[in-house]
Amino acid sequence: MTNQSKLRLMCVHAHPDDESSKGAGMMARYVREGIEVLVVTCTGGERGDVLNPKMDRPEVQENLPRIRNEEMARAREILGVEQHWLGFIDSGLPDGWLPDSGTELPEDAFYLVPTEEAAAPLVEVMRSFKPHVVTTYDEEGGYPHPDHVKTHEVSVAAFAAAGDPEKYQGLGEPWQPLKLYYNHSFGKARIEALHYAMLEAGLESPYREWMDAGDWTRDKSERVTTRIECAEYFDIRDEALKAHATQVDPDGFWFAVPREIQQKAWPTEDYELVESHIETLLPEDDLFSGLRLALQEHCFTTAPGNPWGRFLHLGPFRPRPSPSRHPMVGFRAPSVRKQLSGSRHHGVFPRKVREPCCKRAPAGYRAGRTGANPSLGRIRGGGRRTEVTHGQS
Ligand SMILES: [Zn+2]
């Protein structure tokens, strides 16, 4: 059962530990602000290796699935999130695997389950948890791992189908989550900021190889639309990550940049809004931009079942210039933070959304397949045009 007065966030991940390395600071912050957060873990991480030399012992190897389960339980306790296993089997990561490489995967691999079938249990969880916002990986999985690519496909399919009464009948009452985001934690802009912050502090940067390799052709930093300030929760994020002791060496790469340097150099976790059924202004500093006020005004609590269809006008998105004029390209978090804190849009909601949203809440935003940064004016309108007013069924 869900609490109708609360905002809810669902974060879909591929393996146990991904939730702690991608967006954990953001989740820790939202949980502590009273938002319900559900992590959905697609696979059990059965084919993961022991990546922490200190844990690489025969008794750990023999009991890896059980141990990873216990690690996940500890991490979710630290983060304060709920968590649900979808129950698919880890595909593993064979050398040289790419989506079209022809590299064989084990027969029971998550990646090989047809997407329509694999999306079904996620649709069911969406309909019972009723998230307002969903996060997942980008179309390349964030990095080329079959389970991460599949997690993207399944999340996008479930987001599109969960609110459709014609689809997945028998898996619960339709529920349309309002916003879909991709996680972009490892873009060039952030890595560069951390790298130079380490050098400035006279420390060895763990990113030297990445910087020297210099291949950022697939960098998606420019697609970021939404930065969530969560530096004060980095300690919780780090503890959650350390709970995955078989996967993370506390003296290794993940913890090579001192927390204080990270907090100063890059205090946010970053997302790309790819689809929205509610109006918002970009860039955002909150995954729930456009939603909080609407909830306060009881728009979303008065209708049983799937309330969105009753109140939303899903029309073409109308691009508008961003009122806070900082460019998204190459922007550095601290200066942006300063700008935002001085801006009338910090922590509040765009004027437009203040209109009684029960009458009309224009939306229908969909980023192009390329994910071009909407703030750069490359928006493609999308969505159905179904104007529905309050009171209709
Ligand atoms: Zn993973």
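Indices start at 1 and increase along the chain as displayed.
Any Cβ shown, glycine's included, is placed from N, Cα and C.
Here's what TrEMBL has on this protein:
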- H15, D18, H148: Zn(2+) binding site (BINDING)
- 384-393: compositional bias 'Basic and acidic residues' (COMPBIAS)
- 362-393: region 'Disordered' (REGION)
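Take the CB of H148 (Zn(2+) binding site) and look out to 10 A: across all protein chains shown you find 24 other CB atoms. In sequence order, H13, A14, D17, K22, C42, T43, G45, Y137, H145, D147, T151 are the residues of the same chain, not among H15, D18, H148, whose CB sits within 8 A of the CB centroid for the Zn(2+) site. Listed in sequence order, T41, H148 are the same-chain residues at least 6 apart in sequence whose CB falls under 8 Å from the CB of D18 (Zn(2+) binding site). Neighbour count (other Cβ atoms within 10 Å of the Cβ, all protein chains): 26 for H15 (Zn(2+) binding site).
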